[in-house]
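> Questions regarding the structure given below will be posed in turn.
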């Protein structure tokens, strides 16, 4: 099964927030100043990069979406540099010029890969009339599919509630990367995207997954949010929505060099994907993949459609990820030629929890490749009842495919995967629970082919049914 990229070329997104210019001066140091005990830097390279809300807009434009940027600037060289640089990457700027204030600029002096000093040129925009910002939002609402509010607490978003109200009245989702601990100002937003530190600063330290979910759901209720996405660095990200099961997506980063601007990439991809007509769950999947790409780059970076496509399709195209039966047979044949031991397991995996993750990791350790066969929606309904599955097949497979322990994910329509197993004939068939080996579907076929069958224990205290019951109980309070 292939995962298609969103139609970014049809997506329109407006970003409103704190715009700033990042300046970098590089050069060698070879002596100490006679005027003071400080190094003398002979500047030989100057770089200018859009920062803050401008970096979010660049991330949206880099995907091929229509990005509009609104913010407050001075009338100065920094504002002109921002406009020029952003125009070159197809970001449409509609700045509100404030003659009494400088454009927010952060100047960094670096030598030998060390930052020696940072100079900030800024005055708070808190007292500036927000009406011109409201007018620009109103003018764009008919042609955008999402509004991003990028808050760096520099004064552009003193009237957040008015902005949220304007967008919601027009049916446009509002995504906010929050700043500080006053989430009351974001009341009524469609989606907040705090990182774990920001989340815990408001909700309190979370000692377990259940506690994070419980406190996140309380924030959603307290501030009338439609959803909350907590980004958790190497632990991936967790999406929470009222009356829905938590969706946890493991990180896809292979190497982490720099997390600078990763939050801008996440909210930019989320907004562009939603504006293209995709679901929030799909938007989180693409944002998670993009974050895995951008943290592998040095400095503030963006993600191109090709890079995103490689991130979400690369595993399948090179023999990994979500597959059709035919693709799986070819991948298994190639693995056997390389002398690799193929392990196979199956299940519904409706709400992925710690027990599932631990079980799959243990199964993967038993061989070189792990296949996970997943019950289709119809098969799950017959097995678990009319209220299941909670998460549709495609989403269940996408999340499983993102796990480091899982190599291949395939679906089956029957009540058991016996036919599928007979066609694959893994070297080791694994099942979790209280089964006897001879009771496991496909065991006879695997034994007849000289393979092994094994039962692994599930982690105690983890149950999809219990999670669903807890969510239902909480929603009834």
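Each Cβ is built from the backbone N, Cα and C atoms, and glycine gets one as well.
Residues or ranges marked as active site in Swiss-Prot: 264. Sequence annotations record features per position, and here Swiss-Prot assigns ATP binding site to 195, 196, 197, 198. Look at Swiss-Prot and you will find 1-318 tagged as region 'Ribokinase'. The region 'Cytidylyltransferase' feature in Swiss-Prot is assigned to 344-477.
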> Here's one to test understanding: among the binding-site residues 195, 196, 197, 198, whose C-alpha is closest in space to the C-alpha of residue 264 (active site)?
195
> Helix, strand, coil: count each for the residues of the region 'Cytidylyltransferase' (344-477), based on DSSP.
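The breakdown for the region 'Cytidylyltransferase' (344-477) reads 57 helix, 26 strand, 51 coil.
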> Tell me, if you would, which residue among 198, 264 (recorded positions) has the fewest other CB atoms within 10 Å in the structure shown?
198
> I'd like the Cβ neighbour count for residue 195 (ATP binding site), meaning other Cβ atoms within 10 Å of its Cβ, all protein chains included.
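There are 20 such Cβ atoms around residue 195 (ATP binding site).
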> List every residue in the same chain as residue 197 (ATP binding site), at least 6 positions away in sequence, whose Cβ is under 8 Å from its Cβ.
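In sequence order there is nothing to list, since no residue at least 6 apart has its Cβ under 8 Å from residue 197 (ATP binding site).
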> Cβ within 8 Å of the ATP site's Cβ centroid: which residues qualify beyond 195, 196, 197, 198?
194, 199, 200, 201, 230, 231, 232
> Report the same-chain neighbours of residue 196 (ATP binding site): residues 6+ apart in sequence with Cβ closer than 8 Å to its Cβ, ordered by sequence.
230, 231, 232, 233, 235
> If you average pLDDT over the region 'Ribokinase' (1-318), what do you get?
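Mean pLDDT for the region 'Ribokinase' (1-318): 89.
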